[in-house]
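A.B. asks: Here it is: the structure, laid out below.
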Amino acid sequence: MLWECDCSKKLLDQEEVSHVAQTDAERGLTPEDVKLMKIQFSAYIKLLGYHAKVRQRVVATAIAYFRRIYTRKSFSEFDPRLVAPTCLYLASKAEESTVQAKLLVFCTKKIRATFACLFTSAPDEKAHRYDVKDILEMEMRLLEALDYYLVIYHPYRPLIQLLQDGNMPTDMTQFTWSLVNDSYRTDLILMYPPFMIALACIYIASVLKEKDTRSWFEELRVDMNVIKNIAMEILDFYDNYREIPGERITAAVSKLPQRL
C-alpha cells in the first residue's frame, strides 16, 4: 500500500510506553503522573512551535522525540523543561526547517506564564531558565538517547491518501486532521504504524458524522479491532485528559528534582 512504511521495528508496546523509570518511581511519580506530564509537555511543545513559527511536522516530530526519550530515560535525570525545547530544536534540524536555539530560549520565556503549572513548584522564579548552551548540551544527550535515529513517520500523508481513496467529503479532511493532531497528546505514534492511526481518525470521524464506511474498511482488510483500540485511546484523551487542572500537573512536577 502507498501509505505503509517500514517502521515496525521501531514500534513499542503498551508496557514499554507506560513504564515508569525506577528513579522516577523512587521520587513518588506514578504512571498517572507521567501520563499527565507527557500530555502537558506535548501541549507546551505545540505552543512553543507556534511562537517559533515552525511547521506542524516539526512540532509532531518533536513530540514524538519527547515521548520516545522518556521510554528510555527518567524525568528525574532529564528535566522535561529543558528536553521539550531541545526536542523542538532537534526536530527542526531533522525536518530541514532549522530554528535557532536563541529563538527557542526567547519563546520559552514568552510562554512560561501560560504553562505556570510546569514551573510553580520551583523555589524561585529564576529556576529552570535555560539558555542556548543548555539546549546545545542537551541536544547531544538526546541524540545518544535516541540512538541517533531521527526518522519519524507521521499519519498526515497516509491520511490524505486514504481520504482520497475513500472519496470522503471535504468536511472530513479538517476534522480528521484535527484528530491526528490530538493523537500526539497520547503515545499512539510510538505504538502503531502511521496509516493505522490515520484510519482510526477516519473511523472516529465516520461514526461522529454518521457516514457509513463499513464496506470501505472491509475492502482495506485491516484489523478493525486494532483500529477501534486506537480510536478508544484518542476518545479517552478527549473524555479524561483534554482539560487537566493545573494543580494536578504541579503536583506531578513537584516530585522532580529542583534545578536552580
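From the backbone N, Cα and C atoms, a Cβ is placed for every residue, glycine too.
In TrEMBL, annotation is done automatically, which means it is predicted and not curated.
As annotated in TrEMBL:
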DOMAIN    43-144  domain 'Cyclin-like'
DOMAIN    157-236  domain 'Cyclin-like'
TRANSMEM  189-208  transmembrane segment
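Each of these features: where is it, how hidden is it, and who are its neighbours?
C.D. replies: Within the domain 'Cyclin-like' (157-236), the DSSP-based counts of helix, strand and coil residues read 62 helix, 0 strand, 18 coil.
With a threshold of 8 Å between CB atoms, the same-chain residues lying at least 6 positions outside the transmembrane segment (189-208) that come near it are 1, 3-5, 7-8, 11-14, 17, 60, 63-64, 67-68, 71, 152-159, 162-163, 166, 168, 172, 175-176, 179-180, 183, 217, 220, 222, 226-228, 230-231, 234-235.
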